[in-house]
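Working notes for the structure below.
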Amino acid sequence: MMGAEKAEGMEELELEEGGGSPSPSPMTAAGKMQALDFEHIGSLAAVAESLSTGSKWRRALTSVRVVILQAKINVLLPFGPLAVMLHYLSANHQGWVFLFSLIGITPLAERLGYATEQLALYTGPTIGGLLNATFGNATEMIISLYALKNGMIRVVQQSLLGSILSNMLLVLGCAFFAGGLVHPSRDQVFNKASAVVNSGLLLMAVLGLMFPAVLHFTHSEVQYGKSEVSLSRFSSCIMLVAYASYLFFQLKSQRSLYSPIGEQEEEVTEDEEEEKEITQGEAICWLFVLTIWISILSGYLVDAIQGASESLNMPVAFISVILLPIVGNAAEHASAIMFAMKDKLDITLGVAIGSSTQISMFVIPFCVVIGWIMGQQMDLNFQLFETATLFITVLVVAFMLQEGTSNYFKGLMLILCYLIVAASFFVHVDPDSSNNK
């Protein structure tokens, strides 16, 4: 037995010396470890990819919840598809198509303002100002472009005019009234210097609208029907340059002029550091989606204006000046009242008067230039009745703002002025209404 064990030991020794040992070599072990590492890394990559995909889906669902489900006003969203269905099911219900489209656009306009604010949180003040100038009145601009494409020039003029009147009288009046009721023991204060600058721009806009109207109705044109269009196009280019200069003045050159006064500065700084509820890419995607959906509904809305006027027994001027701007200004209306109740009148003025300035100095001239490109005779001749209404409104609001204070009585006066304007357009017969049929 001992001899056999020795023989086996000698054989194992010979195998090891001859290189035929079945034990693993160092190279083979390293290869196995490398393969194991690659498998481990591959499994980690797969897990990471799976987690990333799941995270993207969760992020998308969160974005939908924040933008669509979180706002209570979005209960009105189904009215949009109902308007589209009703348009194709029956041609005899244009009044309902108009009303449903009007209601359906309201939450979209509010959410468009929200997406713009979220995107502005990721940009600097200059780009943020340009975003507000572009998307702040995007609803009015889209409706106007659709009407302009269909040759409904008076609808374009009246809807933009109505948006200015609504912001200056109804939105600002409700904000002053609500703020005064919440703070009844004292007058609320705001930055008078910025209000004076905006009032000057609004008076410049009135100047640009007044001369084509006066030129037309005094029959003092060099070429009847052509000179006012040429003057309007030239004035529109000048107004666009003036608005661009205003943006530079506000955002770069004289930023201190627009800083809040008193104790509002610290509060506004805290509010400006609000949470970024959606990412920059999501904000851009939502801007695109909401703009497309507003564009679709705007087409049905514009097509139904004439039929709605006949079925509802309302003048087209009243629909264009009063009803359409209320939808476009839904976001401004809510935010202006909210900031006034929080005693932040500078933000309220930036929303209400700033929006009026954007429309008068940017949107209206922009529509004239676009109409020029389209071959439409869009001009700044808003007729004497509309131009006089705008002129008186600007004067009233300028007097209200000259002291730099507000209270509930000033707000009440502005609201009552708007009711008078609304009643005036309800009984007003547009001399050019036949052009829009």
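Glycine is treated like the rest: Cβ placed from N, Cα and C.
Just so it is clear, the model here is predicted, and its values are computed rather than measured.
The topological domain 'Cytoplasmic' annotation in Swiss-Prot covers 1-65, 110-126, 183-194, 250-281, 332-352, 401-408. The region 'Disordered' annotation in Swiss-Prot covers 1-29. Swiss-Prot lists 66-86, 89-109, 127-147, 162-182, 195-215, 229-249, 282-302, 311-331, 353-373, 380-400, 409-429 with the feature transmembrane segment, giving sequence analysis as the kind of evidence. What Swiss-Prot lists as region 'Cation selection' is 136-171, 328-363. What Swiss-Prot records for 148-161, 216-228, 303-310, 374-379, 430-437 is topological domain 'Extracellular'.
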The transmembrane segment (195-215) and the transmembrane segment (353-373) contact flag, 3+ Cβ pairs under 8 angstroms: yes
Any contact, the transmembrane segment (353-373) to the transmembrane segment (162-182), with at least 3 Cβ pairs under 8 A: yes
Remote residues contacting the transmembrane segment (229-249) - C-beta distance under 8 A, at least 6 residues beyond either end: 126, 129-130, 133, 197, 201, 204-205, 208, 211-212, 215, 357-358, 361-362, 364-366, 368-369, 372, 377-381
Number of helical, extended and coil residues in the topological domain 'Cytoplasmic' (183-194), per DSSP: 3 helix, 2 strand, 7 coil
Contact call for the transmembrane segment (409-429) against the transmembrane segment (282-302), three or more Cβ pairs under 8 Å: no
